[in-house]
Structure formats: structure tokens, C-alpha cells
Amino acid sequence: MEKDYIFYIEYGAKRMTVELIYSTGTGLFQEVLARPWLFLICILALTALLTGVTALLSREWLQLRHKKWMLSLHDLYEQAMDRTTDAVLILDGRGTILSWNRASEELLGYSKEEMLQQPSARLVPGDRRLIQNALDRCRQEMLLPLKARHKDGRSINLLLTLQPHNHFYTATLRFDEFKPVTVETTWHGDKDVLTGLPNRTAFLAYLEEQTAIKTFAFSVSFLSIDSFPRLAEALGRKPSERLLLDMTDRLQTVLPKGAFLARWSDCVFALILPDEDVALAGIWEQLRQKLKQPFSVNGLQLFAPLSIGTCFYPQDGKNAEMLLQHAYVAKRQAKQIKDTSVSYFDASMMSQIERMFQLEADLPMALSKQELELHYQPQVNLADRSIVSAEALLRWNHPELGLISPLEFIPIAEETETIVPIGWWVIEEALREFHQLKANDTPLQQIAVNVSLIQLERPDFAERLELLLHRYQVNAACLEIELTESIMQESSRLTGVLEKLQEIGVTIALDDFGTGYSSLSRLYSLPLDRLKIDKSFIDDIAVSPSALNVVHTVVYLAEQTGLDVVAEGVETIEQVHMLKELNCLIYQGYYFARPLAADALKGTLRNYQIPKDVPIGAGM
Ligand code: C2E
Ligand code: MG
Ligand code: MG
């Protein structure tokens with residue numbers, strides 16, 4: 001007879017089923033079954049065997065799982081540690097470094113490979129027991145100031161926060177505080193040889209440290225002496241170095257203790273200041289006052305205004321690169337104003353600066369591509385209502401951006417010194433045009449050109465001008481050179497060239513008079529022929545008694561000193577009447593004519609009939 005036996009073997013939660021099939025007529029199994037004690041032994045042996053195998057398998061399995069789990073946990077932990085912006089280390093009870101994250105790497109320059117399993121004493125070579133002593137005492141969170149050594153050799157003041165856990169400690173490192181390094185006292189890093197200030201490398205390192213702290217707001221500024229390259233060329237090395245040293249002194253006298261001032265490049269200083277809005281505005285104001293005094297160099301009295309661009313950490317940039325770029329953009333903006341001026345970065349400046357860079361790149365080719373053109377704005381004499389002169393005004397027809405105002409591209413041309421070839425082109429073109437007009441017997445007595453200071457102070461300016469006058473057979477007295485008031489700041493240096501021009505016989509007008517730096521004494525000392533009263537006074541002449549007073553005074557002053565006056569930007573009949581009353585008899589402005597292309601000017605001159613009364617709408 002055949003019979004099925006089914007056995008259940010239980011191991012832990014697992015139940016195994018062993019089915020034994022035997023047939024009554026067969027050998028060994030029948031024998032075992034016939035002896036119950038043998039049967040029991042077999043069952044026990046089988047159970048032990050299965051238990052052992054199962055235990056072995058599940059231990060291996062658990063170990064594998066555990067290993068995998070630990071690996072992924074470790075990965076996660078590493079990633080998390082590397083992403084934290086704080087420098088965090090884990091130390092065991094003996095101070096051995098068990099974990100070193102990326103922020104620690106950035107802070108102290110050592111990689112994980114270099115620091116893992118190393119004694120934490122390596123961080124503070126000056127006091128190797130410092131951290132160990134702290135660990136021995138550490139029962140709860142404690143702070144430990146220390147002087148750590150960066151891999152590059154710098155020593156850095158850090159604050160270590162120790163946190164005890166069961167068998168290990170976490171240690172967070174951060175800069176001790178906003179530790180301003182004042183130039184004259186504590187700085188021992190890379191120095192600029194001339195001024196003794198920290199140099200560009202030192203400034204960068206310091207800025208990077210400050211952005212790493214993340215808790216303190218501060219400002220980053222560039223302060224540029226824009227006129228310095230020209231001054232240096234004209235004065236020579238020693239005197240220009242003297243000027244830089246004087247400038248450094250003036251800066252240091254207005255800067256507070258927390259300031260970090262560095263020499264960024266030849267004529268640019270870089271500055272970090274703890275962020276206090278009011279204090280910053282006060283500092284700039286003091287600086288402005290200081291720079292109103294001329295620098296005395298080689299017996300010359302020179303002015304050196306600064307263009308200051310400022311941005312703030314963290315709102316304008318979270319890292320050094322961003323902050324430097326934004327401070328630079330703001331500085332470029334400030335540069336457009338000729339006097340010492342401050343510009344604070346704002347996001348809209350980025351598109352302006354991109355345009356500026358495009359213009360800067362395209363400008364050198366504008367001449368050869370014939371994109372430049374001169375327009376001419378007539379000047380009228382109210383005494384006899386004749387057109388007496390015309391001012392040549394530059395226009396740039398940019399192939400993509402359209403017509404660009406000279407107010408926008410002249411400063412760029414000045415910065416890149418493209419203004420010199422452009423300026424010569426303007427003079428030559430104006431003389432060529434004037435020569436033609438004269439050949440056609442026009443009543444125009446003079447042509448005026450605007451000349452940039454950068455071109456004027458080239459040593460060969462007067463000679464080249466004479467050559468051109470000769471080439472186009474234009475009498476020197478028929479050419480007027482318009483200079484902006486900023487020449488007053490450089491008057492002592494420019495007297496020579498101005499006197500030379502006077503000798504040649506060209507006339508000199510001071511443009512935009514009233515907006516800048518003119519002092520009466522300097523006005524008297526320069527060989528000028530004419531003052532052009534700035535449009536801003538003319539705008540208000542009919543509505544503001546003080547504007548009227550200014551114009552009145554300028555006219556009086558001009559009469560006393562034998563200068564002519566011209567009113568700029570006259571737009572209304574009321575203004576014309578007022579000017580006539582004030583005896584300011586020559587004017588230019590939209591009221592009579594806008595700047596005209598050469599052909600339109602010729603047409604206007606040809607058709608102009610002297611009106612009985614004040615001139616009305618001759619050109620447009
Ligand atoms: P500027 O020499 O003072 O020229 C007068 C400016 O006032 C011109 O602007 C002219 O178009 C404008 N204007 C004249 N009358 C009126 C008026 O009634 N109303 C108004 N709203 N504006 C009037 P523009 O042509 O844009 O030139 C601006 C400045 O660019 C010039 O001021 C001059 O400083 C500079 N510039 C122009 N051409 C040259 C050049 O060839 N060389 C140099 N270095 N600078 C130039
Ligand atoms: Mg002008
Ligand atoms: Mg002007």
C-alpha cells in the first residue's frame with residue numbers, strides 16, 4: 001500500500017513543506033519508518049540542516065542589504081554635506097577628521113583626500129592642542145576662536161562651533177567676524193608697491209572671504225581717476241605717481257576704520273565697506289569736498305575727479321565675480337558725468353552696458369564705413385538778424401541701432417581714445433564744407449567745431465590744425481573751437497596750447513557755460529573769446545528769476561572781460577525777447593533752426609532773407 005507523508009518544518013516566520021512520498025513496497029525508507037527512533041533522528045538532522053542553510057542565507061542577504069543601504073545613505077550624507085554652504089567637519093573623540101565637506105575645502109584650500117583621517121590639529125599649526133583641549137571639555141555646544149592656516153599659507157581668523165554627540169563631534173567653521181583690515185595697520189598680504197595698499201590679488205581674496213561669511217552686508221566700489229591716463233602721459237611717471245599718492249591719502253582720510261581699500265589697477269581703487277547707507281552717502285560727500293581742492297603736481301594745480309560705481313552684497317551679487325562686474329557697470333555709468341560722481345548698480349544698467357560695449361566695438365570702424373556725418377546748426381545775430389556762424393555737430397548712423405546721439409557715443413569715443421581720429425575727421429570735414437560754402441559766397445563768417453580735451457592736449461594739436469587750415473584755405477579767424485567747461489580744471493596745463501591757438505588766430509568758445517567748474521579767476525586767466533551759456537539757463541529764463549539773473553550776470557561779466565556770449569538751446573520767442581533785452585545778441589536753437597545736413601544748410605543760407613524783426617523759422 002502506498003502512502004503520502006507531509007511534514008511541516010517551521011523556521012522563524014518561514015514555513016517549509018517537505019512532502020515525502022513513499023511506497024510501502026520499497027527499501028530504505030520503509031526501514032526507517034519501521035524504526036521510530038531512527039525516524040526521529042532523521043527528522044532532527046533534516047531540521048538542523050535546513051535551519052543552518054536558511055540562517056546562513058538570510059545573514060548574507062541582510063548583510064548585503066545593509067551594505068547597500070549604508071552606501072546609499074553615505075552618498076546622500078556626502079551630497080548633503082557638500083551642498084551645505086557652511087564648512088562642517090565631523091571629528092571623533094580624539095579629534096580625527098571623519099568628514100570634510102566642500103565648503104571646508106573652499107574655506108581652507110585642502111581637499112577631502114588631504115584631510116580625511118588627519119588630526120584636526122593640522123588646522124591650527126600655531127596651537128596643536130587647541131582643538132583637542134576643547135574636545136576634552138566639550139559637554140555642550142561651545143565656540144572656539146582660532147587662527148587657522150589656509151593651504152596657501154594665509155592665516156585666517158575663524159570661529160569654530162563644536163557640538164558634542166554620542167561618540168563624535170560636529171564642528172562648523174566660519175570667519176570670526178567682519179574683520180576689516182585697515183590699510184595702514186594690519187594688512188600683511190599682497191601689497192601694491194607704490195601706494196602700500198593691498199593690490200588686486202589681495203582685494204579679490206578678501207572679497208571672496210567676505211562673500212563666504214554670508215551674514216554681513218557690505219558694499220563694493222570701484223573709484224576711478226578717469227583723467228589719469230592722460231595726465232600720466234602729459235606729466236610723466238614721477239609726477240603722476242605723486243598724484244596717485246595724494247589721492248590715496250585723501251581717500252584714506254575720509255574712509256572709516258572698517259574700510260578695505262585696495263589699488264585695483266593703475267588709476268582704479270577698489271573698496272569694501274560695511275553696509276551702512278547713510279555712512280556711505282556721507283563718505284562720498286566728504287570725498288567730493290576733498291576733490292574740489294586741486295592737486296599740486298610739478299607746480300601745476302590739477303583736478304582729478306573720481307567716477308565711483310557701487311553695488312551691494314548680497315542683493316546685487318552673491319559672489320565676488322558678480323559683485324565686481326556690477327560695481328564696474330555702475331562705475332561706467334558714473335563716468336558719463338564729468339565731475340566726481342557716484343552711481344549705484346541697478347539691473348537696468350546691464351542692458352545699457354551691453355549697448356555701450358556694442359558701440360565701443362563698432363565705433364572704430366564707423367569712420368572707415370562712412371557712418372559718421374556732420375550736421376550744422378546756425379547761429380543768428382539778433383542785432384542785424386544775420387546768420388553768423390554754424391556749429392558742426394556729429395551724427396552716427398549705426399547700421400543696426402539707427403541714429404546714435406553724440407551724447408551717447410562721444411564719451412565712449414573719449415574713453416577708447418577713438419575721439420582723436422574722429423575729432424580730426426570732424427575738423428577736416430567742417431573746414432572742407434566751409435571752404436565750399438565760402439566758394440559759393442555765403443554770408444557765414446565762421447564755423448564752430450567741438451573739440452575734446454583728449455584731442456586738444458595731443459602735443460601736435462596746434463600744428464596739425466594749422467596744416468588743415470592751410471590745406472582748405474580757411475582763414476584761422478573763421479574757425480571757432482568749442483571746449484567744454486572741464487578744461488577749466490586743467491587750465492594750468494592747457495594754457496600753452498590755448499595760447500598757441502590764439503596765436504594762430506582761431507577763436508575759442510567755452511561750451512555749456514554755467515554747468516561746470518568755472519571760477520572767475522580761472523576764466524580771466526584763459527585766452528577765451530566767447531562763452532556759450534548752457535541751455536539749462538535759457539530753458540528757465542522766461543520763468544525763473546534766478547535763471548534770468550545768471551544769464552544777466554554772465555552777459556555783464558562777458559562785457560567786462562571783452563568776451564562774446566552765445567545763448568544755446570533757444571526754443572521760444574519769449575526767450576528770444578528776453579535775450580535781446582539782456583543784450584545777449586547771438587543765439588542758436590530750435591527756434592531758429594535745428595542742426596541741418598550740409599545740403600539743407602546750404603539751402604537755408606541761400607534762401608535766407610533777413611527778416612525785419614527777430615528771425616523766425618528760417619531753417620527747421
Ligand atoms: P553742444 O556742443 O552743447 O551742442 C549743442 C547741443 O544742443 C546739440 O546736441 C544740439 O542739437 C542741441 N540743441 C541745439 N539747440 C537746441 C534746442 O533748441 N533744443 C534742444 N533740446 N537741443 C538743442 P547734439 O547734436 O545732440 O550734441 C550734443 C553734444 O555732443 C554737443 O553739445 C557736444 O558736446 C557733443 N558733440 C557733438 N558733436 C561733437 C563733435 O564733433 N566732437 C565732440 N567732441 N563733441 C561733439
Ligand atoms: Mg558745442
Ligand atoms: Mg553746448
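In case you wondered, yes, glycine gets a Cβ from its N, Cα and C as well.
The domain 'PAS' annotation in TrEMBL covers 73-142.
Per TrEMBL, domain 'GGDEF' is recorded for 216-347. Across the range of the domain 'GGDEF' (216-347), the DSSP-based residue counts are 57 helix, 39 strand, 36 coil.
Per-residue pLDDT, averaged across the domain 'EAL' (356-609), gives 92. If you look up TrEMBL, you'll see 356-609 marked as domain 'EAL'.
Residues annotated as transmembrane segment in TrEMBL: 37-58.
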Per-state residue totals over the domain 'PAS' (73-142) - DSSP helix, strand, coil: 34 helix, 13 strand, 23 coil
